[in-house]
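Enquirer: Handing you a structure now.
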Ligand code: PLP
């Protein structure tokens, strides 16, 4: 039986959230399923409003000129939507991994992109530092956590232009001054809920400045004016995201989960560093608290290790093909006990080898 889910996303969700979601599929409103009621009915409009306000509340952005939207098309659609809405002449991008690179490629369709820094030369095992952001560009784009490579930005630049951040794989996981960002987006399927919706938090005053015509579905202003209901929203994904945000709020919010996330990260990285059979992939100072990437020093041990992992009920630790080795994703809903279980297997391998 699989008990410990380290998948990179979709991934583990809190059990209480799953139970409520399952119940709502059967009976959400007087015998009707969440999946069959109108999205314009009061019970669902309340869900959407609650989800939007919980997102702003958790991020400490209430009353600061931001709007929260739950859109479709994944974080990948945000790569082009950001450019369509904000790119007039030129934008600066920090290239820290596969997803950042994809964001650059999409934006390049529309206009000129300048890479302010890149760690491509070292297969993205670090976060570039000391780069400059030109003050006459339209915006600066960065990726807070690089899911595939296991690196995470610990500091953000003091950007002279609007700062846009892809937080798909570490949203709601650590305390930051979120007001330093003008636009944040995150696919739900890691720290927020099931795949199918993407959270966008945007400061309204950065919008409406480009000269191009923007198709309605791609226009943040249209979605804001319709209360994130311009078209039929992905009701299930929004509902489960709302439940997960409520779960986080009840736990004590981002501050409380950050402490747990730090404990989990300390535990796995100390094993990686102390156990001579393993080697960390990302440089130490840029290691992600969400995705720990590591390899076996001796590939001959792979079969034994994989069998032990399976036996312990551990799921989803295979590394991405562009890095190889292993990746333990430790999102908010993964418990410290699950990390302990993995670390035990790693140290057992050392005693066997
Ligand atoms: N950005 C980051 C940092 C990601 O980790 C991912 C997916 O894992 C994406 C973007 C793409 O998200 P989606 O599949 O929702 O388009």
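Cβ coordinates are placed from backbone N, Cα and C, and glycine is handled just like the others.
Note that TrEMBL annotation is computational and uncurated.
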Enquirer: Looking at pyridoxal 5'-phosphate binding as recorded in TrEMBL, which candidate out of 46, 166, 273 goes with 75, 76, 99, 147, 189, 231, 232?
Expert: 166
Enquirer: What Cα-Cα separation, expressed in whole Å, is found between residue 189 (pyridoxal 5'-phosphate binding site) and residue 40 (L-glutamate binding site)?
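Expert: On Cα coordinates alone, these residues lie 25 Å apart.
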Enquirer: Scan 40, 190, 231, 232 for recorded positions whose C-beta lands under 6 Å from an atom of ligand 1 and note them, or write none.
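Expert: Cβ < 6 Å from ligand 1: none of the recorded positions.
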Enquirer: For residue 166 (pyridoxal 5'-phosphate binding site), name the DSSP secondary structure in the helix/strand/coil scheme.
Expert: strand
Enquirer: Mean pLDDT for the domain 'Aminotransferase class V' (5-342), as a whole number?
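Expert: Mean per-residue confidence for the domain 'Aminotransferase class V' (5-342): 97 out of 100.
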Enquirer: Report the member of 40, 190 (the recorded positions) whose C-beta atom has the most other C-beta atoms within 10 angstroms.
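Expert: Per the Cβ count, the most surrounded site is 190.
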Enquirer: Want to know which recorded positions, from 75, 76, 99, 190, 232, are within 10 Å of residue 40 (L-glutamate binding site) at Cα; which are they?
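Expert: Checking Cα-Cα distances against residue 40 (L-glutamate binding site), the recorded positions within 10 Å turn out to be 232.
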Enquirer: Given residue 147 (pyridoxal 5'-phosphate binding site) and residue 190 (N6-(pyridoxal phosphate)lysine), what distance in Å do their CA atoms have, once rounded to a whole number?
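Expert: Cα-Cα, rounded: 10 Å.
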